[in-house]
Amino acid sequence: MSSVSIECVAREGCRIGESPVWDEREGALLYVDITGRKVCRWSPVTRQAQAIALDAPVSSVALRQSGDYVITLGTRFAALKWKEELVTTITQVDKDKANTRFNDGKVDPAGRYFAGTMAEEIRPAVLERRQGSLYTLFPDLSVVKHFDQVDISNGLDWSLDHRTFFYIDSLSYSVDAFDYDLQTGKIGNRRSIYKLEKEESIPDGMCIDTQGKLWVACYDGGRVIRLDPETGKRLQTVKLPIDKTTSCCFGGKDYSEMFVTSASDGMDKEWLSRQPQAGGIFKITGLGVKGVPPYPFAG
């Protein structure tokens, strides 16, 4: 795999970069900085990122069929109008909990927005356990809670035949699969398909390629790994020049480029001096596979 090349394309160090999504309409990469409280849009043409500052931790961003975006902001699902820099709350979750926030989110093939919560961190990956839940925002703007007792609700995606939902609760160190009913958005029959090895550290964000294989960013593991969800085998490891890899997506004109977000929160001066690109956005080319375009929220 000598043809794989890695480049840091956006260097304005995020505190916790997350939720990369390719926006085909804009020809740009969307992502968030959770603790930096901003949504960013990086253009491969200008090589610059624009940012919109928000009033709470923003943990995921998704395309919206009607235009613009939807985001998870604090414990709210919200709409974001980019040009106007206008945020409108759609609905709020975890109203009975003072100390949670949303984390990763993604839209399913039917246009439903899945996102989960977690307790606010004391420091990276240190938090009150089992405070989170997994939710779905439906196109009619109603919300369903699937389950609770989640530590850090994280990476999510769907199999190519839409019959399986893949999900990561980070502190379980496991990539899990559920049976998925695309008609109703219901999930069931949870099982582990891959347990991370010690050097891979904590599973974070995830995406799928057109061969049905999963790519998982390993927080504190400094890598993205490719898994076969059928066999539970790791097929490939791509190491990055930073430790805190947080999420990944495919993008570019033909979805053959992979974008990886990273974090700098929790790193001291000495660590940052060794990894000056921490918090940057990386582009990986030469993987030899393509990704699946993101689904827009249908509401």
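Each residue, glycine too, has its Cβ placed from N, Cα and C.
What TrEMBL records for 16-264 is domain 'SMP-30/Gluconolactonase/LRE-like region'. Annotated divalent metal cation binding site per TrEMBL: Glu18, Asn154, Asp204, in sequence order. Under the heading substrate binding site, TrEMBL lists Arg101, Asn103, Glu121. According to TrEMBL, the active site, proton donor/acceptor annotation covers Asp204.
A straight line from the CA of Asp204 (divalent metal cation binding site) to the CA of Asn103 (substrate binding site) spans 10 Å. Taking the mean position of the Cβ atoms of Glu18, Asn154, Asp204 as the divalent metal cation site, the remaining residues of that chain whose Cβ falls within 8 Å of it are Ser19, Asn103, Asp104, Ile152, Gly155, Ile168, Ser170, Gly205, Ala217, Tyr219, Thr246, Ser247. Proximity note: of the listed binding-site residues (Arg101, Asn103, Glu121), Asn103 have a CA within 10 Å of the CA of Glu18 (divalent metal cation binding site), given in sequence order. Of Arg101, Asn103, Glu121, all annotated as binding-site residues, the residue with the shortest Cα distance to Asn154 (divalent metal cation binding site) is Asn103. Taking each of the binding-site residues Arg101, Asn103, Glu121 in turn and counting other Cβ atoms within 10 Å of its Cβ gives the largest count for Asn103. Cβ proximity to the substrate site centre (mean Cβ of Arg101, Asn103, Glu121, cutoff 8 Å) flags the following additional same-chain residues: Ile34, Pro57, Ser59, Thr100, Phe102, Thr117, Met118, Ala119, Glu120, Leu127, Ile152. Here the domain 'SMP-30/Gluconolactonase/LRE-like region' (16-264) has a mean pLDDT of 97 out of 100. The Cβ of Glu18 has fewer other Cβ atoms within 10 Å than any other of the binding-site residues Glu18, Asp204. Neighbour count (other Cβ atoms within 10 Å of the Cβ, all protein chains): 29 for Asn154 (divalent metal cation binding site).
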